[in-house]
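Report on the following structure.
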Amino acid sequence: MDAANESSEGSPFILLGLTTNPSQQRPLFMLFLVLYVAGILGNGLIVAAIRASPALYTPMYFLLAHLSFADLCFTSVTVPKMLANLLAHNRSISLAGCLTQMYFFFALGVTDSCLLAAMAYDRYVAIRHPLHYATRMSRAMCTALVGTAWLVSHVHSLLHILLMARLSFCASHQVPHFFCDHQPLLRLSCSDTRHIQLLIFTEGAAVVVTPFLLILASYGAIAAAVLRLPSAAGRLRAVSTCGSHLAVVGLFYGTVIAVYFQPTSRYEAERGRVATVMYTVVTPMLNPVIYSLRNRDVQGALRALFTQRRISGADS
């Protein structure tokens, strides 16, 4: 084993976080604590409501439950460590811890991407082929879509981590980020990183850009169908719903593409941190509001869930 590898294995990484200014750390801690709790509560309630309500045992809510669960886990991979580092003096993380965090971050992020595409396809079938919806979106089909999303995401993540684990870090171990993301780590490596960057632009594009294009195509077909609706109120309501969905999808994919699909040499730490906050904290918090909490069926299921718990508590 060479000296570079010994250095990379023996020395922990130091996560510099969102800021090194002490006066900004506590306000940022409170802000992201509120956002994190809101995201956890929102996604957790969606999962609980869908599991508890037989009326929500439909393909759309089956996919939504998996999206909420993935979002809940996705934020928990990075935000608790970020919050701890905002108050702690020791911001170190071992190489093994760094790679583990990176593995689950990639896996859950790609799962999100695939599930968003599956949900867009579900809405496309419901609007464009309503008579065939039950057969095209059967339970077996939904299970296959979700299973594929989880499988593809973990294979993708494992491939990245196996390559990252072979790198040597012989320069500074200070990571200008709030978690172990591969772009700032590649900047610290003294190994040849061209093979990893090639993987990002090829295999990475397949699991990020392809779902994004499928979502745009699905919503384009939905928009064409909506414009043919006879009711002006129905068209306005559908456009409002699709618009909010596309806004969150655009925020998620736009920031992901801006961060990862650029050469490492052009990566800017400050801009990268801001963009990363958008898809690691903001969009997982917005997804429950955009996709479900405004839905009357979900609102009814949540009321029933809380009412049942109050009754159970009173009986006990």
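Every residue, even glycine, has its Cβ placed from backbone N, Cα and C.
Taken from TrEMBL as is:
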type	residues	note
DOMAIN	42-291	domain 'G-protein coupled receptors family 1 profile'
TRANSMEM	28-50	transmembrane segment
TRANSMEM	62-83	transmembrane segment
TRANSMEM	103-121	transmembrane segment
TRANSMEM	142-163	transmembrane segment
TRANSMEM	205-227	transmembrane segment
TRANSMEM	239-261	transmembrane segment
TRANSMEM	273-293	transmembrane segment
Cβ pairs under 8 Å only, please: of the recorded stretches 28-50, 103-121, 205-227, 239-261, which one is richest in them relative to the transmembrane segment (142-163)?
103-121
Could you give the mean pLDDT over the domain 'G-protein coupled receptors family 1 profile' (42-291), rounded to a whole number?
86
Contact ranking winner - 28-50, 62-83, 239-261 against the transmembrane segment (205-227), Cβ under 8 Å:
239-261
